[in-house]
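Per Swiss-Prot, the features are as follows:
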{"type": "ACT_SITE", "residues": "192", "note": "active site"}
{"type": "BINDING", "residues": "127", "note": "Mg(2+) 1 binding site"}
{"type": "BINDING", "residues": "168", "note": "Mg(2+) 2 binding site"}
{"type": "BINDING", "residues": "194, 218, 222, 223, 224, 225, 226", "note": "D-ribose 5-phosphate binding site"}
């Protein structure tokens, strides 16, 4: 087995390698003067089971091209089986047509990864689970609910006043999965209506949050506007405190400042996307590593063991 890392999140790749007690494969992923991507694999991978670790986060197009070219290089070097390990799958929010003459970019990206030579995809908490069906190759979508539940138990006392909250109707299934792992905690839903692109307006809270310690749970925090508005609404409805757990911390623009100035007690995100300097500097943002989860999935795939047992 070989592990290869792109440039999008080398600290996570190194952490996964440490979990598996093996080194990263020597490779050079660099750019020419015109920013074309060039990849050289510096070790023999003929007949090997190779895992390429690369989130397609910002800059999404550059990191996607790196991934595709790495896969192509490995295929031409006679790698036996190539698994694209994509902790954060960019373009996942473009999973359907939202109007006339608009693309389904998530499907296009799935086609590109497949045609580049990948034999399998391993990802985590897709924005929409049905994106798995966009791939014509085996695709495993890891769920972070166990990882998050373990962290919550370490940092928050369990009790009847603990409540899991979905920041929108679309995330109810995700939030319910976390609630079940927290002694079947109560569930609430924030009904929000977007007032424009990149903006959100909280309208209503479904569930009684008065005097409850609320845990918001979602897959992506981009501008963090949804989270901060939801937290404000929960506090206005009598919540005792509000924390947030997010799988993918995109945290673009002024997101870190927005979190710092919000009523959130803290925002906990995985390291599926490498932390930006503003995120590292924000006292309310804390990272929990997904390396053990991804590393264990890689080990199971390489040994032909069940990956679904990780969801039990």
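These residue numbers are counts, starting from 1, taken along the chain as shown.
Cβ from N, Cα, C; glycine included.
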Given the binding-site residues 223, 226, which one's Cβ is surrounded by the fewest other Cβ atoms within 10 Å? 223
Rounded distance in angstrom between the Cα atoms of residue 222 (D-ribose 5-phosphate binding site) and the residue listed as 'Mg(2+) 1 binding site': 12
Closest to the residue listed as 'Mg(2+) 1 binding site': which of the binding-site residues 168, 218, 223, 224, going by Cα position? 218
Within 10 Å of the Cβ of residue 168 (Mg(2+) 2 binding site), how many other Cβ atoms are there? 18
If you draw a 10 Å sphere on the Cβ of residue 127 (Mg(2+) 1 binding site), how many other Cβ atoms land inside? 21
Which of the listed binding-site residues (218, 222) has the least company, meaning the fewest other Cβ atoms within 10 Å of its Cβ? 222
Can you tell which of 192, 224, 225 has the most other C-beta atoms within 10 Å, given these are the recorded positions? 224
Would you mind pulling the DSSP three-state label for the residue listed as 'Mg(2+) 1 binding site'? coil
At the level of the C-alpha atoms, what whole-angstrom distance separates residue 226 (D-ribose 5-phosphate binding site) and the residue listed as 'active site'? 8
Give me the Cα-Cα distance between residue 218 (D-ribose 5-phosphate binding site) and residue 168 (Mg(2+) 2 binding site), rounded to a whole Å. 9
Check the Cα distances from residue 192 (active site) to each of the binding-site residues 168, 223, 224, 225 and keep only the ones within 10 Å. 168
Once the DSSP letters are reduced so that anything not helix or strand counts as coil, what is residue 225 (D-ribose 5-phosphate binding site)? helix
C-alpha spacing of residue 168 (Mg(2+) 2 binding site) relative to residue 225 (D-ribose 5-phosphate binding site), in angstrom: 12
